[in-house]
């Protein structure tokens, strides 16, 4: 009975960047899986098109601008409330870095090994979007061109948080990126 209750309180979370398997922040997901606070569900893609762009330090940002960009590939996890709190902390939801909002994804039907989703099932989940205070500027800064997947190619040059300059906040880094010419 307790296991059923715990399962029913889990939220589905769509990951599209560094939380995915093989990327730098996946260690957090592995820790959550070890403690029973997360379970891998499926590879998937967004049911609608969204912009997925890279910002400062090659950090990926999903922009809450449905209809722009293209369907985005990612992974779906079932996460407990305490696991969600740890993800919220990583994503800086209380500091204006990202916002956790609803998203609809199509689950992988298991066809093919190219990582594409077959649209087997449509599921409502949550995703971490770039905060609305800078999302439109981030889209413009990226030439209004997005990615369909954050891959090893895009992650090349990613700088872990511990290795970034500590004299500025992440929002300061974002503003510098948005207003730089390179």
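Residue numbers in this text run from 1 along the chain shown.
Keep in mind that glycine also has a Cβ here, set from the backbone N, Cα and C atoms.
Quick look at what TrEMBL annotates:
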- 91: active site, proton acceptor (ACT_SITE)
- 13-111: domain 'Gamma-glutamylcyclotransferase AIG2-like' (DOMAIN)
Local confidence of the domain 'Gamma-glutamylcyclotransferase AIG2-like' (13-111) - pLDDT mean: 95
Structural state census, the domain 'Gamma-glutamylcyclotransferase AIG2-like' (13-111) (DSSP three-state): 26 helix, 37 strand, 36 coil
Other CB atoms within 10 A, centred on residue 91 (active site, proton acceptor): 18
